[in-house]
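K.L.:
Structure incoming, see below.
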Amino acid sequence: MRLRWSGGVLLSVAAAYYVYTPLPSAVSEPWKLILLDALFRSFIHAGDAAQALGVCHSVHMLNSVVSRLEVIEPWSSPTVRVTDSALGGVPARVFQPVGGGAKLRRGVLYFHGGGWALGSGRMRSYDLLCRRMAEELDTVVVSVDYRLAPDSVFPDQYHDALAASRAFLSPEVLQRFGVNPARVGVSGDSSGGNLAAAVAQRVHTCKLTHMHTHTHKHTHTLTFFFWPQISADDSMSVKFSIQALIYPVLQALDLNTPSYQQNHNVPILHRHLMARFWLIYLGADPSLLPHLLSSPSSLLHPSISPSIRSHLNWTSLLAAKHQKHYRPVGMETGSREVTGIVPGLVDVRAAPLLAEQGILGRTPRAYVMTCEFDVLRDDGLMYARRLQDAGVTVTSVHYDDGFHGCMVFSFWPFLSSVGQRSLDNYIQWLDDNL
């Protein structure tokens, strides 16, 4: 009996140790976040174990769990008709308000988050999000199911986002859905915010610039890609009128910005996990993880142009209250130059924050949401600042008690307070600006 009691106590202590994560006192509803993080970490550890045993890739394991727990079939209500379709050959879920006669409605193209590797627009949380947008805004919302890593890697996700965007903006599709061509927006959260920003950028010419890097034994060529995107296509008469980016991930050259330093171990997106997602997305060797985390050593390499460095110079782009007491992290001894090995790190299609000012200046007015306790906070803040400097009208909304992913956790059973506030604000902005 005593042995059982002792064993129970030990198991309880072990479970409490696993579940409990020290959190900043100012974060919204910390115990809800702790429990959510424990659940997420348990799935990640199970996935890692499955991969170590040779059963499957860890991401496949995670997505299998997501599919069983979260993915739902389309169901319509008296106010919103929901169907599964495709845009430009890319699977998508369409939310169309019911009624309204022949009037033209607004339209929103939405890209879900998940590190370019997890999730689906058919998940319950995204289904509820898009359903609410369609209902409250009387707007046609299309949630895109782009291909996922590791089966598809960059630039496949970008190409899917671009194909869906081109199809949605075509006169034929706009007419079919009854969407006003002058009132079409693009939006997304996290990695979906990355895709939304990438397809919204307007690039004038297709230019390749080659620069050389030298690592230990090899010479690599860095290729900076600037591809014509939606707004450069003269055959397209319709462009996005707004871009709404929710805690977007926008670069991986510096994973030691103040927000990465401050929130490196804050749920639900830890610093090392974001670095893993980047390597999976870019089809890179997982062994490069320590070298990616040692950035901004890559920024200090002679191959990186001064203009790109300036695009990531948070000492000038961030307000003092966000810089806090943090300082730039210097090059670590023996760190390898990863940009030559992973050229996607300096490709604007993967890292929209690296775009030139002239490109940013042609993007539509923007909504950029950031959260204090999120490693991606400074990506969004720097992008908002660079857009403003380029002459774009920007609404930058920051939540001092927010954490990564909070908006999609605004529904039952999590019911995040800051998530609900952020969702209300997001929908209100769309209503006022689209």
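Glycine too: its Cβ is placed from the backbone N, Cα and C atoms.
Checked TrEMBL, it gives:
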type	residues	note
DOMAIN	108-286	domain 'Alpha/beta hydrolase fold-3'
ACT_SITE	Ser190	active site
DOMAIN	327-407	domain 'Alpha/beta hydrolase fold-3'
ACT_SITE	Asp374	active site
ACT_SITE	His404	active site
K.L.:
I'd like the per-state residue tally for the domain 'Alpha/beta hydrolase fold-3' (327-407) from DSSP, helix first, then strand, then coil.
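P.N.:
DSSP composition of the domain 'Alpha/beta hydrolase fold-3' (327-407): 26 helix, 19 strand, 36 coil.
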K.L.:
Work out how many Å separate His404 (active site) and Asp374 (active site) at their Cα atoms, rounded off.
P.N.:
5
K.L.:
I need the least crowded one of these active-site residues (Ser190, His404), counting other C-beta atoms within 10 angstroms of each C-beta.
P.N.:
His404
K.L.:
How many Å lie between the Cα of Ser190 (active site) and the Cα of Asp374 (active site)?
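P.N.:
That separation, Cα to Cα, works out to 11 Å.
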K.L.:
Around the C-beta of Asp374 (active site), how many further C-beta atoms are within 10 angstroms, looking at every protein chain?
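P.N.:
Within a 10 Å radius of the Cβ of Asp374 (active site) lie 27 other Cβ atoms.
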K.L.:
To what whole number does the mean pLDDT across the domain 'Alpha/beta hydrolase fold-3' (327-407) round?
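P.N.:
So the average pLDDT across the domain 'Alpha/beta hydrolase fold-3' (327-407) works out to 91.
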